[in-house]
Structures are given as structure tokens and as C-alpha cells.
Amino acid sequence: MIKNRFARTARAAVRTAVIACALGGAALLASCGKQPPAFQNLDITGNTQFGSDFALPDTSGKIRTMADYKGKVVVLFFGYTHCPDVCPTTMAELSQALQQLGPEDAKRVQVLFVTVDPERDTPALLAQYVPAFNPTFVGLRPADQAQLTKVTKDFRIYYAKVPGKTPDSYTMDHTAASYVLDTNGKLRLFARDGQGAAPWVHDIKLLLD
């Protein structure tokens, strides 16, 4: 069990590092000649490799897009409810970050959890799981494979099913990172998992100023 968990974490870390390196090079070129803010996460301002919008149902079935969160810093995380490590850790860190930001700044932040496992993550399950970390967090569930393929392709998210001992006990390998968009809906940061709340607080404050 421990060996399998380590293997999953290692695979996710390698894939995330590869993406980070690619993004870092592009961000460096985009910011050439400018003095960028001193973010603690990877600044990908101006990167054109990604889409910056989506159209996905929330747990009530309402289609959500970035327009719904205009004026807010948006943290976009891709995961699944049966995730044993990265997902609950990241969600807990984000919850702590919002608490540390204080109620006024926290109102201007929206965390979105996009499932890469809609087969098991029903709307009811997401509606229970996501707000358990923070009542303001919103779960989004692609309605079909086409929607899942589009949003993961747009944001260059890797995901793959890893078979378990039974058909329902599979896990999902996936990119272990989040994207952060500013109050104007522009993609700004690529944030790795497992960093604690402090970098989140620091960078979100910069984006809110």
C-alpha cells in the first residue's frame, strides 16, 4: 500500500515538474523586459499554451464559466474524491489559506475542484466532499467524456486510470498542481501541491492588491 502510494506520488511529481519546466521557460520569455511581482509559485503570466475559460456543470447542474467569478481570484484544481493524498492535502491547504487571508479577502477568492473521475464522482458525492473543506469551495463535474477531454486538454492536465484489485477500487494518476487566475480572468500562476498555506496567502494577496 505504502509502496503503491509512493509510486503514484512520484509519477505525479515527475509529470508536474515537466509541466512546470515548460511553463517556466515560456513565462520567462513573456516577462522579458518587465519586473514581475515576486510570486512564490510559478508565474505564467502571458503564457498562451492554455485556455483560460471553461463551461462545466456544478453539483446542481448549473453551467459555470469564468464569468461567474469575475472580480475574484480563482484557484482551479483538478482531482477526484477518492484521492488518498494530493487532493485532500491541497484542499486543506487552500482552506487554511483562506482562513489566514481573513474574511474580507477570502470573499474575493474562489476555489474550484474539477473532478477527473466523473465515473465515481457523482454530483451528490462532490456536493458532500468539496464543501467539507470550506463551504465556499465549488465542485465541477464534466457531464461527459467530451467535456472532460476538452477541459483537461485546454489546461494540459494529465490523468489516467490505474486499475485496482476490484473494478471500483481504481485510482487516478493526475497532474498534482493548481492554476490561479486573477480578478480579470487571466491565467497567472502554476502552483504545486504540498507547499503549505503560506505561499498561497502570499500570492493571493499580491493578486488581490
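From the backbone N, Cα and C atoms, a Cβ is placed for every residue, glycine too.
Please treat TrEMBL annotations as automatic predictions, because they have not gone through curation.
Feature annotation from TrEMBL assigns signal peptide to 1-22. The annotation domain 'Thioredoxin' is assigned in TrEMBL to 45-209. Sequence annotations record features per position, and here TrEMBL assigns disulfide bond to Cys83-Cys87. If you look up TrEMBL, you'll see Cys83, Cys87, His174 marked as Cu cation binding site.
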Using the Cβ centroid of Cys83, Cys87, His174 as the reference point for the Cu cation site, which residues of the same chain not in that list have Cβ within 8 Å? Phe78, Gly79, Tyr80, Asp85, Val86, Val116, Met172, Ala176
Please report the Cα separation of His174 (Cu cation binding site) and Cys87 (disulfide bond) in Å, rounded to an integer. 10
Cys83, Cys87: which of these disulfide-bonded residues has the sparsest Cβ neighbourhood within 10 Å? Cys83
Calculate the per-residue pLDDT averaged over the domain 'Thioredoxin' (45-209) and state the result as an integer. 97
